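Copied from TrEMBL, the annotated features are:
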- 9-36: domain 'C2H2-type' (DOMAIN)
- 40-68: domain 'C2H2-type' (DOMAIN)
Amino acid sequence: LTVYEGLNHECKLCNQTFDSPAKLQCHLIEHSFEGMGGTFKCPVCFTVFVQANKLQQHIFSAHGQEDKIYDCTQCPQKFFFQTELQVPHLLPGGYNSITYLIAEFKALLVMTSSDTCSSSGWE
């Protein structure tokens, strides 16, 4: 899937690039919590995490579509964080393009508990 090769997922807030949408999403979560002392609070249940990727994993495992509060104005997708609205989820073929959905799922599977996010990038 050439869409996900290389550093082609750019943060529109700071221009940092990532090689997968999952890593960009983790970075966007960090932007959502800038200036909050380095902790990441779940917007649904208020559980606090010290790493953005732990919050990201928690949200995907503990909360569902009905808990997402930010609506995209161009498609029916909803998000947990306002900064996620900048993720390039509208691709040729539409937001529900099977190619995009498969690549997004694979990118999420790549994230493991040993992966970390930091404000300086992905480690």
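Note: Cβ is positioned from N, Cα and C throughout, glycine not excepted.
In TrEMBL, annotation is done automatically, which means it is predicted and not curated.
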When secondary structure is assigned with DSSP, how many helix, strand and coil residues does the domain 'C2H2-type' (40-68) contain?
14 helix, 4 strand, 11 coil
Its residues classified by DSSP, the domain 'C2H2-type' (9-36) shows 12 helix, 4 strand, 12 coil
